[in-house]
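Encoded as structure tokens, the structure appears first; notes follow it.
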Amino acid sequence: MEQIVRKRDIRDLTYAELAEVVSSCGQPAFRTKQLHEWISVKNVCSFEEMTNLPKTLRAALEEEYCFNTPKEIVKQVSRDGSRKYLLKFSDGVSVETVGMPTRNKLSVCVSTQAGCGMGCAFCATGLSGLTRSLTAREIIDQVLHVSQDFGERVTSVVFMGQGEPFNNFDNVLEALRTLNDPEGFAIGARHLTVSTSGIIPGIRRFADLPEQFTLAISLHSAIQSTRNQLMPGVKKFTLPRLHEAIQLYVEKTGRRPTYEYAMIDGINDNNPEMNALVEFCEGTLCHVNLIQLNNVENSPLKPSPISKVEELQRRLSKHGVETTIRNSRGGDIDAACGQLKQRRFKSNES
């Protein structure tokens, strides 16, 4: 039986390795810098695009190496301009990515894991569990895919897709630094946001980073019993411990964290829940994003009426807590995290 030899992704080579490749092809040393610029600065996805390299060198590179970019399985386009993608990597693992255009800006929501092990009750991703963590390259390739599909430069990235970023900290950090690199994507650190369900060791590590990346915390309730019900994967990181870790983050960085609060009808939108959130936030440096829960197919959880969302915003604002009602993008497509993937698998099974 003939053995299949898999080509190596050329983007995984170090600069020194690229120099060796160029030398072995009989090319002068300056070609290494050109090759590196195409890969790491211009972020091309084919050798054909490397127009200042000799055709002989491009042919030699294509013989031995590849661009192992993900394949687009599904794309949904919303009336508001958002585009949601299901992307499949070479090992068959698929993830969701969203592109969100606004005026002259383009934001991308990336996944950091295939599936998720946190088991949040309101999230479609948790229904299938965790498959594996993504590499830094796989995270970056999501940004590249969206940028190329829109034909625009990405101006901000939110790590709020499938997976818990702080359970894949090293790869997420490598992706953040690559996206922030002024010789590459050149996205400002403050325009790179990582959202965690509340992994305290990850928050502490994040606080020690020299870059000014933005931190968001999926809170969803400031009452422990409710949060345990909604987010069983972070039960051990209790609210008092979480609050303490976030205050230490603020003291170390001087940065304002954001709390994400998806409002769920009859669960976290009643008077005690609202009072608890006000108490959790009052007197601290923070910003609260309120959003009506995305509908998840076959889930008993439903979004709160907008009147409840507006009431909570008024209460928080009255106590000096900066609050925004965030509009859900892509409401007419499979907007909830993991929903597009679930629907795709169901259609394949039927």
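Cβ coordinates come from backbone N, Cα and C, glycine included.
Taken from TrEMBL, the feature active site, proton acceptor applies to GLU96. All protein chains included, GLU96 (active site, proton acceptor) registers 27 other Cβ atoms within 10 Å of its own Cβ. In the three-state DSSP assignment, the secondary structure recorded for GLU96 (active site, proton acceptor) is strand.
TrEMBL lists 102-332 with the feature domain 'Radical SAM core'. The average per-residue pLDDT of the prediction over the domain 'Radical SAM core' (102-332) is 95, rounded to a whole number.
The feature [4Fe-4S] cluster binding site is assigned by TrEMBL to CYS116, CYS120, CYS123. According to DSSP, CYS116 ([4Fe-4S] cluster binding site) sits in a coil region rather than a helix or strand.
For GLU164 (S-adenosyl-L-methionine binding site), the number of other Cβ atoms no farther than 10 Å from its own Cβ, over all displayed protein chains, is 27. Feature annotation from TrEMBL assigns S-adenosyl-L-methionine binding site to GLY163, GLU164, SER195, SER218, LEU219, HIS220, ASN294.
Here TrEMBL flags CYS337 as active site, S-methylcysteine intermediate.
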*So, in DSSP terms, is SER218 (S-adenosyl-L-methionine binding site) helix, strand, or coil?*
strand
*Where does SER195 (S-adenosyl-L-methionine binding site) sit by DSSP, helix, strand or coil?*
strand
_Among CYS116, CYS120, the binding-site residues in question, whose Cβ has the most other Cβ atoms within 10 Å in this structure?_
CYS116
*Near ASN294 (S-adenosyl-L-methionine binding site), which of the recorded positions GLU96, CYS120, CYS123 can be found within 10 Å, Cα to Cα?*
CYS123
*Could you measure between SER195 (S-adenosyl-L-methionine binding site) and CYS116 ([4Fe-4S] cluster binding site) for me? Cα positions, answer in whole angstrom.*
14
*For the binding-site residues SER195, SER218, ASN294, which one has its C-beta crowded by the most other C-beta atoms within 10 angstroms?*
SER218
